[in-house]
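Per Swiss-Prot, the features are as follows:
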type     : residues               : note
ACT_SITE : GLU159                 : active site
BINDING  : ASP106, CYS216, ASN219 : Ca(2+) binding site
BINDING  : HIS158, HIS162, HIS168 : Zn(2+) binding site
DISULFID : CYS130-CYS216          : disulfide bond
DISULFID : CYS174-CYS181          : disulfide bond
DOMAIN   : 17-221                 : domain 'Peptidase M12B'
Amino acid sequence: PCWKGWSEDEQNLWPQRYIQLVVVADHGMFMKYNGDLAAIRKRVHELVNNINGFYRSLNIDVSLTDLEIWSDQDFITVVQSSSAKNTLNSFGEWREADLLRRKSHDHAQLLTAIDLDDDTVGLAYTSSMCNPRKSVAWGQDHSEEPINLLDVGVTMAHELGHNLGMNHDEEKKCHCGASLCIMSPSITEGPSLEFSDDSMGYYQSFLVVVNYNPQCILNKPEDQYYYILSPKHRIYSW
């Protein structure tokens, strides 16, 4: 069964949390946008702005800490023959061994232009926020039209939700004021902009369960933002 509905007053009492996000745009993204770094930066900023908007109802501030663009080559295997799970595993290993050593952050998402799986546009570990290897997800930039930017933003927010302890919503049992909610198993009727009562309950449980109790999202981030152009890791502040 789903959790009860959460009143606005109850939501206002939820603790403030901060997620410092790094987005890694793979080489496929670099090629898709014809090497236009400004276009990629604009795309990612708009996506993160959407994600942050979705999470305000949970009292979570999502900020873009870094954008890394793999302009010359991918640093993990990202090809159509790769399985979705293998890509997630490889990205998590790379994050732990490389990215975390260069930049402190809470969660990283790989944004790819490659169709890794006909039925999957994103994948993440569950209840893994703050884990060095598993606080990751990947999502496909599967929408060609700017007007459909929300589709990709919802995908990224959905995968982040898994890291925060959320499971998929049960069909016809969970409610968010729309026909589909962000944690619905699939997007069939257009993207939803809200989390269900069930997702909110899973998240609240994740915060208090001793085995999880993610500490990294307690810290308010600095305002400084960087993007990094691979492979020499040249750093530009904005």
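Residue positions begin at 1 at the first shown residue.
Each residue, glycine too, has its Cβ placed from N, Cα and C.
Recorded features from Swiss-Prot, shown on the structure.
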residue : record              : Cβ neighbours (10 Å)
ASP106  : Ca(2+) binding site : 24
CYS130  : disulfide bond      : 17
HIS158  : Zn(2+) binding site : 29
GLU159  : active site         : 22
HIS162  : Zn(2+) binding site : 21
HIS168  : Zn(2+) binding site : 17
CYS181  : disulfide bond      : 22
CYS216  : Ca(2+) binding site : 18
ASN219  : Ca(2+) binding site : 12
- [ ] Among CYS130, HIS158, HIS162, HIS168, CYS181, these being the recorded positions, pick the one whose CA is nearest to that of ASP106 (Ca(2+) binding site).
- [x] CYS130
- [ ] Write down the Cα-Cα distance for CYS181 (disulfide bond) and HIS162 (Zn(2+) binding site), rounded and given in Å.
- [x] 14
Task: Residues close to Ca(2+) site centre defined by ASP106, CYS216, ASN219, Cβ within 8 Å - done: TYR18, ILE19, GLN20, SER104, HIS105, CYS130, PRO214, GLN215, ILE217, LEU218, PRO221
